[in-house]
Every structure is written in C-alpha cells, then in structure tokens.
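Visitor: Just passing along the structure, written as structure tokens.
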Amino acid sequence: MQDKHLSPLNLVNRLQDILIAIFLASFISDPLHIDSFKLGIIFVIITIVWDILSYLCFTYSIEDKQIVIKKGVIFKKVIHVPFARIQSIEHSQYFLFRPFDVEKLQINNASKSGSHDQIILSEVRTYVGRVLEEKHKQYQNQDVDANDDDVKQPEVEKVEDKPEQEITKKKDYVQYKISTKDIALYTFTSFRVFITMFLIAHITHGAVLDFAISIYQKGFGSNMISLIAFSIMAIIIALLLSFIYTMFQFYDFTLVKEGKYLEYEKGLFTRNKVRLSTDRIQSVLIEQNVMGKLLKIMTVKIIMASDGSDEESSQAVVLPILNADKYAEMMNDFFEWIPLKTVEKFDSRKRSIWLFFRNFDWILLIIPIVIYFVGWTTLAYSLVVIGVFTFFYTLGNAYFKYRVTSIGLTGNTKDDYLIVSNGFLFKQRTYYVGWHEIQSMHFESSVFMKKNNLAHIVIRIRKGNSAQTAGVHYIDYGGAKKIYDWYRQ
C-alpha cells in the first residue's frame, strides 16, 4: 500500500470543526465590531478548505518493514515507524461506521516523544488494520537497532531452555468473557455511584440537587423516614445510571490469550479492540478496595509502555472482576510467566500506623488556632465537624495502609519479580514488576528513620509515555536493603 488516503468519512468526522468556527466567529465579532454572520461565513469557508487540504495531504504507506505517514499542509512531515517498534494497535469502531466497514487505528510505538509522533489513522477500512496486525506479528520479536542474527539467536536459546510443558501451555487458547453479574459487581464495588452523583451535581451547578430537594419537600414531606427513603431512591437511580454507563463501556468484554498475545475487546457504541504481545507488558496491577475485600473480588490491569498519553494505551483493565478463589487459576492462564509465590516478603512496621496518621493529620492543628481567633462561630462548628470526620477517616486509612503495605521477591535473580503492595484511599494496589521493567529504584532512609530501623523503597516503571511510581513506606530497614541489593546486582 503506497500513499493511501483515509476514508472520505474522515471529512464527516471533521464537521465539528465547522461548529467550532461558528462559535469562534460569534465570540470575537462583537469586540472587533464585525458582522457575526459575515465573519462566520468566512471562518466556515476557511475551515472547510483547510480540512479538505489536510485530508488530501495526509497519506499512509504500509511497506515491508515500516509504516510511513506523510502529513502537513504548510509544514510537511514524514513519520517512519518500524513494525518492530510498535507496542500495540488499538482498533475502535463507532457504531455508525460499522456498515461502511471503517474503523479508527491508533498505533502506539516504543518512543518517548509523546503524542507528537503518535500514529492515528482516523478512518480506514478494516482490512488495513488486519494487514498491520500481521506485519506487527511478524516483526514484534525483532529489535529495530539490531541485525537479524543478533535478534534470532536469543530466541533459540530462550525456547531451548524452557520445559516442554511450559512451551505447550503458551500455545493454549484461553478466553474470559464478562457477564452481566460481573458488570453489576464492578459498578457496585468501584464506587462509581458516588462519582456519578458528584459529577451530575457539579455539571449542572447544583440545579439537579435543588430540583431533587424541591421534589422531596413537595412529595415526601420533611420527616426523617421520608428523608431516608428519598436518599435511598436517589442512590438507586445513581446506581442504575452508573450501571448503564459501565454496561456501555464493558459491553461484551472479551479477553483472549493465544500463545504470547493478549487481545481484549469491549464497547457498545464504540467497539475497541487491542492486541499486544505479552513482552510489551511493563507490569501487572491488581486493585482491590474495601468493598472488594469484603466480597473477595479484585480488578486486574496491565501497564504498558507506548507513546500514547491516554489511559487506554498506557493502563488497561483486562479482568474487571476476578474472584479470589480463582485468582491463581486465572493468573496462571493469562500471565503464566509471573510467579505468584514470594520467597521473601517485608511488611510495613506497626509503628507506621502512627506515622501515616501523623503525616496528614498535623493539618488539624489549624482548627484550634482558628477557633482561638474567631471564637465559637458557625465557621468554628463547621471546622470541628470536618476535623472529627477527617480524624477518623485518616486514622482508618492509616490502619488500612499499614495492613496492605508490603514488598517481596519471587527469587534472587534478574529473571524474578518484585511484588509491591501499597494502599491509598482504602484501595490496595499490588504491582508485579520484573527486574528488567524497573526504570529506577530509590532507597530512602533519613537519620531518624534509620535510628528506628525504617526505610522507604520507591520504584519507577514505564507507563504510556511517562512513568508510574510505586512505593512502600516504613518497612524494615534490613528488608528494604535486601530489595535494593537485588535491584543493584
């Protein structure tokens, strides 16, 4: 394929530019004392001409070893992306484009240049995506800077050293498909209901809240029982809205592992599909909040390296709901290269409860100072209520962080994994990170911490076109030193 244009539907997708031009014309016409209608026509004509020129100047070529993008109306730009450097290819298809067999492709490569060189083919025929996937599959094991001999030799050694059962297992086909029950559990345990209620109140500037209060006062009265009933009804409605949103997002979610490839597909109105090599995964992240702990369920995400800045290309949910009793089975099916057993594990010291609590709650000292100067006013009573709530909340959060904070090793070699577990806002996060995927590790211990035999370990791993930090605080000094020595080998 040489110098191919995008689908003409790309021009339909640019209609929003005309609306922006009309809005801009109406916004600046009054200060400039120009007729907004005439200025709007000029802006629309300029926008249409520019969009057509941009469409005509954008071409893509799929060659044997790379994809070449040419774009730019005034300043021409040519982007070369070797297939060996591609991390993943994201397919998204808006439901209105399905009859035309057209989809959007986002190609995430291994560069760190950010979105400037990110390849997005807005509207192309679906066969283009299939061709790119085949090319990517052929070259994903090769290094763009190495010759063929240097690339192939490690592959042979790697296969020969593996047991026959492990090689057979990697060829197995494993599939996970989400159910309606799982979507409901994911909605309920992710606290999206409260986020939904807050967003609705914020976007409408409190209008919905005022409307709800007026309905309550007219229809329910003002006694305590009716207030509780109305609150329950509001939460149920918010839960229903959150469930509908989650259903649209994870509709027909399917995760497939075939050989050394992971492929996940989801979405109702916009169907998203991503296929990537497991070699491209930087870390496997397990998330579990308080509600998930009670129900013994968790969420599994993968952290990927790419030049994309959006959440989907850097951190993706691959198992929205995973029951604790199936944890080992599912992890071995989809992430069999990660050993789940630790040979050494170091937990946070019990003293950390006070330290976690102290690090935030010192701010409460402001309350008595304010009361001393302003006296017992409405502001003072409000601050006391906020202070009491903050006190118990941070105390509970400090205890939660103490219980979930730990760091461990699956072995003592560079082929082993580091398991980092920490907590924030009553959510536990557990990272499985290989030695080769750690960008840096910081060992921190002040004079006072060393005196109390305490230390911090903070690691950085690649996430999208930036970095993700994961750390454990107030663990045993000797344990932290062992972890640091393992990384320095």
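Cβ atoms here come from the backbone N, Cα and C positions, even for glycine.
Here's the feature list from TrEMBL:
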- 149-162: compositional bias 'Basic and acidic residues' (COMPBIAS)
- 55-114: domain 'YdbS-like PH' (DOMAIN)
- 258-330: domain 'YdbS-like PH' (DOMAIN)
- 414-487: domain 'YdbS-like PH' (DOMAIN)
- 141-162: region 'Disordered' (REGION)
- 41-62: transmembrane segment (TRANSMEM)
- 183-204: transmembrane segment (TRANSMEM)
- 224-248: transmembrane segment (TRANSMEM)
- 355-374: transmembrane segment (TRANSMEM)
- 380-400: transmembrane segment (TRANSMEM)
Visitor: Below 8 angstroms Cβ to Cβ, which residues of this chain, lying six or more residues outside the transmembrane segment (380-400), approach it?
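Guide: Contacts with the transmembrane segment (380-400): 290, 352-354, 356-357, 360-361, 364, 367, 370-371, 374, 423, 425-426, 428.
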Visitor: Taking DSSP states H, G and I as helix and E and B as strand, how many residues of the domain 'YdbS-like PH' (55-114) are helix, strand and coil?
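Guide: Tallying H, G and I as helix, E and B as strand, the rest coil: 13 helix, 33 strand, 14 coil.
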Visitor: Within the same chain, where does the transmembrane segment (41-62) have neighbours whose Cβ lies under 8 angstroms from its own Cβ atoms, ignoring anything closer than 6 residues to its ends? I mean 6 or more beyond.
Guide: 1-6, 10-11, 14, 17-18, 20-22, 24-25, 68-73, 76, 121, 124, 128, 131-132, 135
Visitor: Grab the same-chain neighbours of the transmembrane segment (355-374) for me: Cβ-Cβ under 8 Å, and only residues 6 or more beyond its ends, written as numbers and ranges.
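Guide: Non-local partners: 380, 383-384, 387, 390-391, 394-395, 397-398, 401-402, 473-474.
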Visitor: Please list the DSSP helix, strand and coil residue counts for the domain 'YdbS-like PH' (414-487).
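Guide: The composition, in the requested order, is 19 helix, 45 strand, 10 coil.
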Visitor: Could you pull the average pLDDT for the domain 'YdbS-like PH' (55-114)?
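Guide: Summarising the domain 'YdbS-like PH' (55-114) by its mean pLDDT gives 86.
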Visitor: Count the residues of the domain 'YdbS-like PH' (258-330) that DSSP assigns to helix (H, G, I), to strand (E, B) and to coil, and report the three numbers in that order.
Guide: 20 helix, 42 strand, 11 coil
